[in-house]
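*Asks:* Dropping the structure in here first, questions after.
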Amino acid sequence: MAATIIDGKKIAETIQQELAEEIKQLQAEHHLTPGLAVVLVGENPASKVYVRNKNKACHDIGIYSEQHNLPQEASEQELLALIQQLNHDDKIHGILVQLPLPDHIDEHKVINTILPEKDVDGFHPVNIGKLMIGEKGFRPCTPFGVQKMLSYSGVPIDGAHVVVVGRSNIVGKPIANMLLQKQPDANATVTVCHSRTKDLAAITRQADILIAAIGQPEMITAEMVSENAVVIDVGVNRIEDPASKTGYRLVGDVKFDEVSQKCKAISPVPGGVGPMTITMLLYNTVESAKQSLER
Ligand SMILES: Nc1nc(=O)c2c([nH]1)NC[C@@H]1CN(c3ccc(C(=O)N[C@@H](CCC(=O)O)C(=O)O)cc3)C=[N+]21
């Protein structure tokens, strides 16, 4: 039987409406408008699309946003100075530096310079540490979006066997930690697999919830999933497609056509995790603005 489609776009819209209400209230009661600064270095075309989408989403729900474009040749020093300036800017509650950065810039140094209380991407070691020990802090937007997507869809996480394929710092490792926590919308049994895993399919077939975050187009096939599985596809891969007017097409890490004929529920690409990622960035920015009232 065909799987239920987990409509990330629709869930994202619902959450964005809730955020818009919350922002109206912050403005009425505290004269406070949440503010986000997005920093883009260079000309990566995919990055430009995301940055544009983020700015639009901010505008739609009432978040103030500003975009800082640095040229590809900008020095690390220049970028760090900009971050320092944004750290001290009271209009700005969230700072996002679009990754990847050019090779001559040290990503760790850049992330470490962002104040943890403005790190709405959840990439600063302080926020990663808080996630690890279950303390309040910013959660990385993509895994946070996956968790919300599951809970909004009524997928039981408590006690479920979650299999994560992929061990990146921005998706695999944090999602595994989040769903493992002794907290609501978590309490899962988590297995993390990766490129060195022996007999991957034997493990993925055991998943109640399968999270594909490998970065390999259409790697997860029908024989790797069970009939009861809920499949969340985190992949965003651009593959060439001469038939498309853009010359490319977006596919996930899951072979959607065959897997969706077998499993219980599945999130599509596009229209799945992507819109949730942007929404959780907005969520974190609103959260950061609220926290600024308490300082
Ligand atoms: N500091 C930082 N934070 C990020 O969160 C971050 C980043 N760097 N670098 C790049 C990745 C990628 N990313 C996406 C966000 C939304 C969609 C998204 O909304 N995708 C749409 C389709 C968009 C399209 O058509 O290209 C969808 O899946 O429906 C995709 C990818 C955030 N990233």
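The backbone N, Cα and C atoms fix where each Cβ goes, and this holds for glycine too.
These figures come from a predicted structure and were not determined experimentally.
This is the feature table in TrEMBL:
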type: DOMAIN; residues: 6-121; note: domain 'Tetrahydrofolate dehydrogenase/cyclohydrolase catalytic'
type: DOMAIN; residues: 140-292; note: domain 'Tetrahydrofolate dehydrogenase/cyclohydrolase NAD(P)-binding'
type: BINDING; residues: Gly166, Arg167, Ser168, Val236; note: NADP(+) binding site
*Asks:* What counts of helix, strand and coil residues does DSSP assign across the domain 'Tetrahydrofolate dehydrogenase/cyclohydrolase catalytic' (6-121)?
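*Replies:* Its residues fall into 62 helix, 18 strand, 36 coil.
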*Asks:* Which binding-site residues from the set Gly166, Arg167, Ser168 come near ligand 1, judged by a Cβ under 6 Å from any of its atoms?
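*Replies:* Checking each Cβ against ligand 1, none of them comes under 6 Å.
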*Asks:* List the same-chain residues at least 6 positions away in sequence whose Cβ sits under 8 Å from the Cβ of Val236 (NADP(+) binding site), in sequence order, or say none.
*Replies:* Leu250, Gly252, Val269, Pro270, Val273, Gly274
*Asks:* Hey, what's the widest CA-to-CA gap across Gly166, Arg167, Ser168, Val236, the NADP(+) contacts in the record, in Å?
*Replies:* 16
*Asks:* Take the Cβ of Gly166 (NADP(+) binding site) and count every other Cβ within 10 Å, whichever protein chain it belongs to.
*Replies:* 24
*Asks:* Using a Cβ-Cβ cut-off under 8 angstroms and a sequence gap of six or more, which residues of the chain neighbour Arg167 (NADP(+) binding site)?
*Replies:* Lys173, Val192, His194
